[in-house]
Structures are given as structure tokens and as C-alpha cells.
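Student: Feature table excerpt (Swiss-Prot):
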- 12-18, 40-42, ARG301, 327-329, 412-414: GTP binding site (BINDING)
- ASP13, GLU14, GLY15, LYS16, ASN38, ALA39, GLY40, HIS41, THR130, ARG144, ASN220, THR235, ARG299: IMP binding site (BINDING)
- ASP13, GLY40: Mg(2+) binding site (BINDING)
- ASP13: active site, proton acceptor (ACT_SITE)
- HIS41: active site, proton donor (ACT_SITE)
- VAL295, THR296, THR297, GLY298, ARG299, ARG300, ARG301: substrate binding site (BINDING)
Amino acid sequence: MGVTIVLGSQWGDEGKGKITDMLAQQATLCCRAAGGHNAGHTIVHGDKTYDFHILPSGLVSPSCVNLIGAGTVVHVPSFFKELASLEDKGLEGAGKRIFISDRAHVCFDLHSVVDGLEEAKLGGRKVGTTGKGIGPCYSDKAARRGVRVGEILDEALFERKLRSLDAGYRARFGELEYNVEEELARFKEYRKRLGPYIVDQLAFLQKYKDAPNTLVEGANALMLDLDHGTYPFVTSSSTGLGGAVQALSLNPTSISSIIGVVKAYTTRVGSGPFPSEQLNDAGDKLQGVGKEFGVTTGRRRRCGWFDMVLCRYSQAINHYTALNLTKLDVLDDFDEIKVGVAYILPDGTRTENTMPADPEVLEKVQVEYVTLPGWKSNTMGVKKYEDLPANARAYIEYIERGLGGVPVKWIGTGPARDHMICRE
């Protein structure tokens, strides 16, 4: 098995879907390792646009089998709704190429209700979650009271565990806008439909151990990782390389490439420190030109310049063998483009490659910038590296040097599927 892993390098929304879609054309198997329907990315295929949340984007390739792995949390209504939407848009037979690990956990509507209550309690220090219930679901998993997908098939066990969850949250919060009887009734119907999708993950993966191309699709991004991200302003799963290996029982020696997807500038959704954020005309321009609204929530993304410190930190943890730089065309009309190359910490210390663990310290860092000349010409749809303006190439090569020579192998130059430069 030759494994390619695609990971987000910043705070998500880097555009992982397009490179995953491209690589899936040659893949036998595409796997999601972590996260749930809080993730979101868009693939433009011909005249159709597909929005993905919990389903692997390998479904766009008619020859690719897809797995939702053990590290994920699955909101069953969203699974069926998303699958139906894809099939309605012409992806016939998608339902025959998607499987769910029996060890993945179930994200209930109950978790979404609890998510909102927990955020409200935090007041001004709220995390800024998607409100999808992901955090409470992973909390139940860690506390060993969660419900696994495979347990849906055992009606008595499933009912006992869901009632226990409901009772526990009512003891904590009082009355909830949630009806456990209605949920149990819904799952009577889901139980009949889910059976063909649920698999023993290890046995399933063993069937593909000799597959030449297996693709692992990361969700969210390294800076949202539970351990390595800007905690507590993170998601509740392991979104980096380690999480992919753990969730899918990967043999590390089978990994042939680790692709870091990095936007040509930086964005973030929700609360938390963002050193290179631009609360000015430059930030507004990045937001407007880049159409920076979340696929899952529709929220306006915060925007800032490319942060080399953040990306060096991300590289040190995820060990990228190549990069996909996305949305280069968004920078086309800037006279000057800034790159954050160092942080000055509150105590005066200068750092180029580490992120303070304390979010309050990170919020107070001063960013040292290098200013590069813009190219002031249209790059949308450019497909050959040599056809890019000289200053655009200089920008890309500056990023490569700043990240220790990790090659920028792919460059996104627009939203369409073929708006991609591949540098061999």
C-alpha cells in the first residue's frame, strides 16, 4: 500500500478538496481519518459544485472506494443528506462506494444542543465552534460513554446508551430542547439503512493492503489540532499526521507522501489568536476577493498575511514532503504582499519557528514582516509555472526557502478543478 496523506497546514479552509479530488482520480481508496460534519470543503467539477462535510471527496471519482474512519464522529442524518445531495447532482452509485468504520462514534442532535449550551456558558471567551456537537461527542468518547456506529445495529444496547447520555446531560443542564424518544424512533429507520455501510475497519483495510494508491483526506488543519493547535481554540480531534496514522492503523513505512495544503495568505474562522490578522483594508480585500465564508457555517473568515512562523511550526509537526499552495490568484491585485517571518514575544524574545502554547501570549506577539512586490496581473486559470508573473514565482520560491526547501508542487490559480499548476 502506497499512502498519500493530505493535511491542512493552517486553521482549515485551505482548499484541501481540490488536491484530494485530483489525487483521488488515481486512488483505489480514499479515507477520512478525523472530524465530523463540522468540516467543509467544495469541489467544482465541470458545471457542478459539490459541498463535502463528512463524506470523503474521493466519491467524485467513480473508481474510488471511500471510508469514514475510526477517528471520526458521524451525524447520521447529515451522512444520508449529504449522500443524497451528491447522488442528486449526478454521482450515481456513490452509495455503493462509501463505508463507515464500526468504531467511529455517533454524533447526535443531543450533542449539538449541548454544544450551544456550553458555548453560551463561556460568554466572551467562547471557542467559536460550528455548533455541530463535535466537541461534546468527542468528550463522550474520551469519557468512555460514547456510542459507536457499530452499536447502532444492537437496538437494546443503543437505546440503553443513548438514554444514559440523555439522562446525564439533563442532570447537568436541566431541561433540554431535545426529545430522546423522537431520536430513538428516527434511529429505528436509520438502523435498517445503515447496515450495508458499516464495516470492521481493520478487515476492510486489509483487503486494500496491496492497493497501489491509498489517499487519506485530512479534515480541519494542524492549528486546530487538540494537542498542537491554539488550544483551547481548537477542534476536538487530532487533525495532524499522528491522528491519521492512529485513526486508520497506518503502517508509517507505507506513507509515500505527506502533502501540506497552505493558502497563499491566512484565514481563520471563529475565536482565538491570529497573529497575522489584518483588521484593515488589506484584510477586507482578502476576504472579499477570496470569498472567505465558511462552507459549514457561512461565517465570515478572518483574514491576514501568510504566516511563515505558523507554517514552519506546522511543518515540524506534520513533516510535509510537498506543499499545495492555494488561492494564489486572490493576491493578483495587491501592490505589495507581506509575509510574517518572526514573532516578537511580550518579553522581547524573537522566534521564527515556534508557537507559544499560551493563547494569551500568542495574542500579544508582534509580527515581523517582510514586504514583497505584488505582480498586478491576472493569474486565474494559469496552468504552467513559467507562465506566472515573475513576482508571483518569486513569492512562491520565497515561501519554499522559508520552509526549509519543502517544494511547492501544486499551485491553485482559481476555483475550477483544472485551475492548478503541477510542478514536476
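Even glycines carry a Cβ here, placed using N, Cα and C.
For the listed features, I'd like the structural context: burial, neighbours, distances.
Tutor: The DSSP secondary structure for LEU328 (GTP binding site) is helix. Cβ environment of LEU328 (GTP binding site): ALA264, THR379, LEU388, ALA392, TYR395, ILE396, ILE411, GLY412, THR413 lie under 8 Å away, each six or more residues apart in the same chain.
For the recorded site, ASP13 (IMP binding site), the DSSP three-state label reads coil.
The Cβ neighbour count for ASP13 (IMP binding site), using a 10 Å radius over every protein chain in view, is 27.
There are 24 other CB atoms within 10 A of the CB of HIS41 (active site, proton donor), with all protein chains counted.
Contacts of ARG299 (IMP binding site) defined by a Cβ separation under 8 A and a same-chain sequence distance of 6+ are given as VAL269, GLY270, PHE293, in order along the sequence.
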Student: When the number of other CB atoms within 10 A of each residue's CB is tallied over all shown chains, which of the binding-site residues GLY12, GLY15, GLY40 has the maximum?
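Tutor: In terms of Cβ crowding, the pick is GLY12.
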Student: Among all protein chains shown, how many Cβ atoms are found within 10 Å of the Cβ of ASN38 (IMP binding site), not counting that one?
Tutor: 29
Student: By CA distance, which of the binding-site residues (ASN38, GLY40, GLY298) lies nearest to GLY12 (GTP binding site)?
Tutor: GLY40
